[in-house]
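Some features that TrEMBL has for this protein:
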{"type": "COMPBIAS", "residues": "284-299", "note": "compositional bias 'Polar residues'"}
{"type": "COMPBIAS", "residues": "301-319", "note": "compositional bias 'Low complexity'"}
{"type": "COMPBIAS", "residues": "334-345", "note": "compositional bias 'Pro residues'"}
{"type": "COMPBIAS", "residues": "346-357", "note": "compositional bias 'Low complexity'"}
{"type": "DOMAIN", "residues": "64-582", "note": "domain 'Major facilitator superfamily (MFS) profile'"}
{"type": "REGION", "residues": "1-31", "note": "region 'Disordered'"}
{"type": "REGION", "residues": "272-357", "note": "region 'Disordered'"}
{"type": "TRANSMEM", "residues": "56-74", "note": "transmembrane segment"}
{"type": "TRANSMEM", "residues": "130-149", "note": "transmembrane segment"}
{"type": "TRANSMEM", "residues": "192-211", "note": "transmembrane segment"}
{"type": "TRANSMEM", "residues": "223-246", "note": "transmembrane segment"}
{"type": "TRANSMEM", "residues": "365-386", "note": "transmembrane segment"}
{"type": "TRANSMEM", "residues": "428-447", "note": "transmembrane segment"}
{"type": "TRANSMEM", "residues": "454-475", "note": "transmembrane segment"}
{"type": "TRANSMEM", "residues": "487-509", "note": "transmembrane segment"}
{"type": "TRANSMEM", "residues": "521-547", "note": "transmembrane segment"}
{"type": "TRANSMEM", "residues": "559-579", "note": "transmembrane segment"}
Amino acid sequence: MAKPPPIPHDGEAKQPEATPPSTPSSASAAQPGFTTRLRTYFRPGSTSSSPLEARLLLKIDFFILTFCCLSYFLNYLDRTALSNAYVSGMKESLSFRGSQLNQINTCFTIGYVLGQVPSNLSLHYIAPRIFFPSMMVLWAGLTMVTAAAKSPGQIMAIRFFQGIAESTTFVGTHYILGSWYTEKELGKRSGVFTASGLAGTMIGGFVQSGIHASMDGLHGLAGWRWLFIVDGIITLPVAIYGFLLFPDTPKTTRAPYLSSQERELAIRRMEEKGEPGVSGPCNDDTTLVDTSTGESSCCWSPPSTAAATGPAEASSSPTKPLDNNNDDNKPTSQPRPAPPPPSTEPRPQQQQQQQQLTTHPFSLVFLRSLFSSYHFPSFILLWILAGETESFSSNALLSLYLKSHPASSSSSPEKKYTISQLNTYPTGVPAVGILSTLFFAFFTDLYPRHRSIVGYFIGVIGVLTPSLILAAQAGRFGPPAGNHATAVVMAAYYLAGSVYACQATFFAWANDAMTRDGKEAVFRAVVLAGMNLGSNAVNAWWSIVFYGAGMAPWFERGMWAMVGTSVAVGGWTACLEVMERRAWARKKREGGRERGGDASAAGQVIREKGTAYI
């Protein structure tokens, strides 16, 4: 291998370096094809650049994703229990009237909204391994208490406090995922997490059917009451697992299964993720070798070079030793010293500002940074609109359609839907949601700068599905109560489940955009919480106005609301793409000016015992 030119000593004339021209073949070689990327993507640790990083990913995948997915699964199992109980005898037992079911959901949503920001900020003061499981124990107890309710009013009170407890799971997990995973890793994990909640919705119907068939009347309790008891009991073991093994965040983790090298690497990965021009792991030819283990972990650049040239350029140039005393291809007589470890400390000017922002999330400095950024209002509005496109599924419209369908109220017994059918037929909605969520999560991990494609997909599906239902109501597919019209309506509701893909993708998009722009942890926590807060604040009254139980089976007003919000999602996605590109271009221009001002420092090298690192 050709030896790099020697570095001239003081007084010597510096020779200009020859820069080899880039060729199309070399550029194409650096970019693997789609098939290769797809094949390596599904292998464990496929996005990593070293055995150490692959081992770290396997560990955090196991301990973080298992707890978070089980927690979210149980979270949605509990939420689905209410609608499953409603169609399984609770409505008649507690004498529900009008829109009382929607009012109960609104009470839950109010508690859920009130808990968003406080719960996410609590993660900076209470260890996640304590906070998450404690909230699980609280909502498990409240779920079991629901089995003793005697009236809809009592359930309203219980669900309000349950909403506060369950508000910790969704945005808290997205904050944790954004603290551990890089841009190329985040979408897949977010998709698996979201799919686990949809699995809870799907399995909840089968659980209720099984409980009603085997436990209805046991010890004098109705089957729908046993559902709440069973849901609460199975939550407790997962909470204990979280107390013992959840790893917190990279900078605060004390997990016994992570070595010191793995903890340092976890921190370094996130710092590189937030630098301009760096996304994901380092290149294979720029690695840091752990002198104690001999394993390569991530790229290294000396402090003087990184500070002078900027992190983007420092990470793009391989760090290799040059011997000044060796003018031929013979090996040097002295061993080359290992490069110094990377500094994880911020610069003094940045350290003071970061400490102020992290310690005082409601300080003037933080609030100015929050409201002057496009991230806060733009992503909140995006999720407010997108959240309402999930209304078909989140309000259990298919269950209400089947229960109030003309066929189910007919005097002919064979035309009625049984309790088992009312619980199992709607499970197709979350099943479609799981498939679409995983597909778009994997696709946008392969192409992370194209997460916005889901917004356009929602715009199409959100117009198509209500149009089919309105056409069935108008008799375009035969009598509205006929088999053809019923099949079209059920197919439309199943297809509407695919809009669940926006959950994982939009929160991964927000995480990526903020981290890429150098936003810190508290900033991400507030924006992610604000997204869910805004969506649920609207949903608290949206479901009553457009999807009240008394509007079944056709929900005509809600159909037109779905068309409007879906079109708005597509339009706002396009606007957000423009804002993101402008912000990134501005950041690159500012980085270029900083590098130009420090051009004199760019040529500095570190000389030690005849060896220079550049």
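The backbone N, Cα and C atoms fix where each Cβ goes, glycine too.
Tertiary neighbourhood of the transmembrane segment (223-246): same-chain residues 63-64, 66-67, 70-71, 74, 77-78, 81, 84-85, 88-90, 93, 128-130, 132-134, 136-137, 139-144, 146-148, 207-208, 211-213, 215-217, 255, 257, selected by CB-CB distance under 8 Å and a gap of 6+ residues from either end. When each of 56-74, 130-149, 487-509, 521-547, 559-579 is scored by its Cβ pairs under 8 Å to the transmembrane segment (365-386), the top-ranked stretch turns out to be 521-547. Below 8 A, the CB atoms of the transmembrane segment (559-579) and the transmembrane segment (192-211) form no more than two pairs separated by six or more positions in the chain, fewer than 3 in all.
The average pLDDT computed over the domain 'Major facilitator superfamily (MFS) profile' (64-582) stands at 82.
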